[in-house]
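Let me begin by presenting the structure, written as structure tokens, before commenting on it.
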């Protein structure tokens, strides 16, 4: 399940592109998530009333949350699999406070991959795509293990 040094290099290279515009990427990821899986919107009190893509694009709260999500994920990715300290509080809040099922983390992972493919085709070829998918799968697996420790059946 672990990634090679070369795979981590690919992940972190494209992640540098994400960090250059966290707000734009985060907004696109959340819009893609909510459009593809409208049921996920119910978990977000701040924007569950938003229905149209135009409203989503205009929402400062949505943009801010996109930055929060991608900043946290970037912190995890930069640890190259040694992310216990980063994962623990994320799992705690997502299991006990927000009650986010692992399935929703799969959905947002798909949205992230799609946004990277569309925004960075030159930097996100098959190898980078495969590496990022592995990194996101590792993240989800480790969150799921923490969920289990916490007794959350998400």
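Quick reminder: no glycine exception, Cβ is built from N, Cα and C everywhere.
As written in Swiss-Prot, here are the features:
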| type | residues | note |
| --- | --- | --- |
| BINDING | 65 | nitrite binding site |
| BINDING | 65 | O2 binding site |
| BINDING | 94 | heme b binding site |
| DOMAIN | 2-148 | domain 'Globin' |
| MOD_RES | 4 | phosphoserine |
| MOD_RES | 68 | phosphothreonine |
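Between the residue listed as 'heme b binding site' and the residue listed as 'phosphoserine', the C-alpha separation comes to 28 Å. Across the structure, residue 65 (nitrite binding site) and residue 4 (phosphoserine) are spaced 31 Å apart at their Cα atoms.
Each residue contributes its Cα atom, and for residue 68 (phosphothreonine) and the residue listed as 'phosphoserine' these two points are 27 Å apart.
Per-class residue totals from DSSP over the domain 'Globin' (2-148), listed helix then strand then coil: 115 helix, 0 strand, 32 coil. For the binding-site residues given as 65, 94, the lowest number of other CB atoms within 10 Å of the residue's CB is seen at 65. Using a 10 Å radius centred on the Cβ of residue 4 (phosphoserine) and all shown protein chains, the other Cβ atoms total 10. Averaged across the domain 'Globin' (2-148), pLDDT for the predicted model comes to 96.
For the residue listed as 'phosphothreonine', the Cβ neighbour count at a 10 Å cut-off comes to 12, with all displayed protein chains included.
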